[in-house]
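Read through the structure below, which is laid out as structure tokens, and then see the notes.
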Amino acid sequence: MSVVVGSVRGVDVEGRIRELADQVVVLRDAYYRGSPLVADAEYDGIEDELRGLIEANPELAPDPNPLDQVGAPAVLHAPVRHSRPMLSLEKATKAEQVAAFFARFPGQPVVVMPKLDGLSLALVYRDGGLLRAVTRGDGTTGDDVTQLVRALVGGVPSRIDAPGVVEVRGEAVMLRSTFTAYNAAHPDKPLINPRNAAAGTLRAKDPATVAGRNLTFFAFDLDASAAEADLELGLTTLGFAAADMRHCHEAEAAQAVITEIEQHRNDLDYDLDGAVLRLADRGAYAAAGTRSNSPRGALAFKFAAEEKSTVLSDVLWDVGKTGKIAPVAQLEPVFVGGTTVTRATLANQEVIKARGIRIGDTVLVRRAGDVIPFVAGVLDESKRTGAEREIVPPSECPSCGQGLIEQGNSRELFCTNVACPAQTVRRLVHWASRAAADIEAVGPVWIERLAEAGILEHPSDFYTLTKDQLLEFDRVGEVSATRMIDSIAASRPVGLRRALIGLAIPMASEGTATRLCRAGFGSLEEVADADVERLVSVEDIGPRVAASLTEHLRRLRPELDRLRALGVSLDVRDEDLPPVISSDAPLAGKTVVVTGAINDPRTGEKVPRPTFQRLCEKAGATTASSVSASTDMLITGADVGASKLTKAEKHEVAVVDQSEIWQLLITAGIV
Ligand SMILES: NC(=O)c1ccc[n+]([C@@H]2O[C@H](COP(=O)([O-])OP(=O)(O)OC[C@H]3O[C@@H](n4cnc5c(N)ncnc54)[C@H](O)[C@@H]3O)[C@@H](O)[C@H]2O)c1
Ligand SMILES: [Zn+2]
């Protein structure tokens with residue numbers, strides 16, 4: 001499209017190129033200083049348009065061309081020149097571009113790995129000792145951040161077993177778990193996203209000011225005269241955690257790995273914004289050389305954006321099932337994380353205050369996987385017109401009008417009225433939800449109508465509904481009334497675990513319900529009658545959760561009796577008991593590690609690794625994520641990384657092809 005714009009505007013092309021080039025410079029500068037003005041996806045759009053115009057009109061290329069430059073002329077505290085430039089990467093979004101990359105290097109194996117979203121670091125070792133750690137900077141000169149790296153970055157060995165000068169490059173990321181924990185502990189100064197957090201951490205002048213902001217290093221590049229030719233093997237032999245690399249010999253296999261990485265991007269504890277393809281052989285990579293700002297021997301495949309900016313048009317205060325009143329952002333529709341988002345959470349009033357968010361602001365919205373979209377912060381405050389409005393928390397419940405109470409450090413608001421209509425509806429909707437009783441045919445709209453009519457207040461009321469009662473409502477026929485009654489009836493065997501989930505006890509999670517079942521509780525009444533002491537003896541149940549369980553279940557005790565009387569089972573179900581593994585299970589007592597791509601041999605279909613691991617567990621195995629001395633067996637799928645095999649060899653672990661395990665699973669009747 002950008003090229004069309006250029007040719008239509010004709011004489012304007014030169015002006016447009018200048019405008020875009022200026023924008024790129026300004027946006028990069030802000031970004032590398034730690035306060036981005038737009039989301040990455042929008043910045044990339046500007047670069048793409050500029051690139052398109054310059055390709056169509058090479059004679060109009062600006063001089064200097066910002067697209068030929070890397071990073072930004074950052075403010076450097078302690079400049080260090082790199083041994084060779086730290087470059088950007090050529091970008092691809094289509095399978096044809098992957099095929100073209102393979103065609104350029106016939107016969108060369110390629111590793112495909114996640115493109116981690118952090119910041120790159122060069123680690124220089126001399127005679128085994130860490131000499132310095134340097135940021136990318138403008139690609140030629142970076143900042144010496146050795147002190148900070150020693151204090152805060154995990155995965156950087158202070159000594160390695162290698163002579164002479166060795167340079168390892170990789171990405172320092174803030175793990176998602178660290179990011180979440182940090183923001184929970186510092187509601188007054190939240191970090192906007194893990195990438196920005198990592199970059200900001202290594203810009204600090206004094207490690208003390210960024211305590212707790214721990215980062216993790218994953219290596220993806222190695223310069224050493226006496227190391228293995230294979231990149232991954234070279235890195236892991238020296239003791240570095242490498243980005244998960246998969247060896248591929250042709251474009252199709254690489255494309256499959258790229259797709260797999262994208263599909264599983266949210267199972268990982270770090271952000272990734274794409275996959276990187278790179279020649280596996282270090283010599284071949286070096287021989288391929290570089291362009292003005294990117295190596296020829298690598299290619300970055302970009303994934304769909306998980307962050308975008310949009311306008312916050314309003315804030316509503318939503319009453320939840322536990323009475324919590326939470327701010328919900330109303331957004332101008334924006335396509336992010338694979339769907340169009342119009343609502344996002346704003347957490348609580350303290351978060352709003354800390355992030356300085358106002359109605360009318362251009363905000364950054366983040367949606368990663370199944371995580372509820374949330375407003376991460378305000379972008380570009382200079383866009384404010386003065387028409388923005390403060391976000392004012394309500395002083396009374398938007399549903400029942402009762403005064404609110406504030407709780408905890410983040411001053412969360414609660415309506416404590418047990419008869420609050422909004423809460424009643426939310427609790428009923430929760431009881432009917434899939435994770436609980438799963439009353440599929442009675443959706444939220446119906447629940448609200450039935451509650452308004454006064455015939456639905458407690459979960460037990462579902463089980464007294466009659467077809468005649470339903471037929472009295474507008475637009476309800478015989479068929480839908482029967483469907484609803486049948487669906488309610490089918491939910492009677494709900495059982496201990498899902499009934500407990502359905503009752504939405506504050507602080508009790510789905511995991512709490514699972515653990516109570518596994519700990520030997522036979523019914524919900526038994527949980528309700530247990531004292532705190534017995535509850536805390538269950539693994540992972542602490543005193544606060546136990547107190548909440550006893551308090552709320554005691555209040556709900558009459559409701560449990562009503563449910564029972566109406567034929568609802570609150571007993572533990574077989575499927576919720578710990579699996580019984582007999583000593584003759586085919587993998588009993590074995591600790592196994594699964595690696596590579598797993599396919600069901602009967603259908604040829606791909607099987608996600610966690611699913612296959614669960615099958616192994618059913619066969620008696622304990623699964624682990626990495627090979628160690630206690631591993632009994634490494635189960636290999638297709639395209640296995642060299643490092644796992646080397647490690648298995650080192651620890652004398654049996655390497656077993658997946659086909660043998662499938663055979664065991666089939667014979668034992670597990671699949
Ligand atoms: N929001 C903004 O205003 C703004 C402004 C400028 C740049 N940006 C963003 O910054 C990025 C700019 O590109 P860039 O040149 O910094 O990075 P890039 O996207 O070209 O990729 C190069 C970088 O990828 C990293 N990387 C992660 N995993 C890797 C792996 N396995 N192998 C090799 N490299 C790996 C390295 O740090 C390397 O420096 C883009 O994502 C862009 O959206 C945003
Ligand atoms: Zn209320």
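Please read every residue number as a count from 1 along the shown chain.
Cβ coordinates come from backbone N, Cα and C, glycine included.
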NAD(+) binding, same site as ASP40, ALA41, GLU42, TYR43, ASP44, SER88, LEU89, GLU171, LYS302 - TrEMBL member from ARG126, ARG136, ARG203, ARG265: ARG136
Contacting binding-site residues for ligand 2, chosen from ASP40, ASP44, CYS397, CYS400, CYS420 when the Cβ sits under 6 angstroms of any of its atoms: CYS397, CYS400, CYS420
Those recorded positions listed as ASP40, LYS115, CYS397, CYS400, CYS420, and which of them has the most Cβ atoms within 10 Å of its own Cβ: CYS397
Largest tally of Cβ atoms lying within 10 Å of a Cβ, found at which of the binding-site residues GLU42, ASP44, GLU171: GLU171
Binding-site residues whose CB lies under 6 angstroms from ligand 1, from ASP40, GLU42, ASP44, CYS397, CYS400, CYS420: ASP40, ASP44
Where the record names ASP40, ALA41, GLU42, TYR43, ASP44, SER88, LEU89, ARG136, GLU171, LYS302 as binding NAD(+), the maximum Cα to Cα distance in Å: 23
Among ASP40, ASP44, GLU171, which are recorded as binding-site residues, the nearest neighbour of CYS420 (Zn(2+) binding site) by Cα: ASP40
For LEU89 (NAD(+) binding site), the number of other Cβ atoms found within 10 Å of its own Cβ: 18
Residue counts (helix, strand, coil, in that order) that DSSP gives for the domain 'BRCT' (582-671): 29 helix, 22 strand, 39 coil
Top Cα neighbour of LEU89 (NAD(+) binding site) in the set of recorded positions LYS115, CYS397, CYS400: LYS115
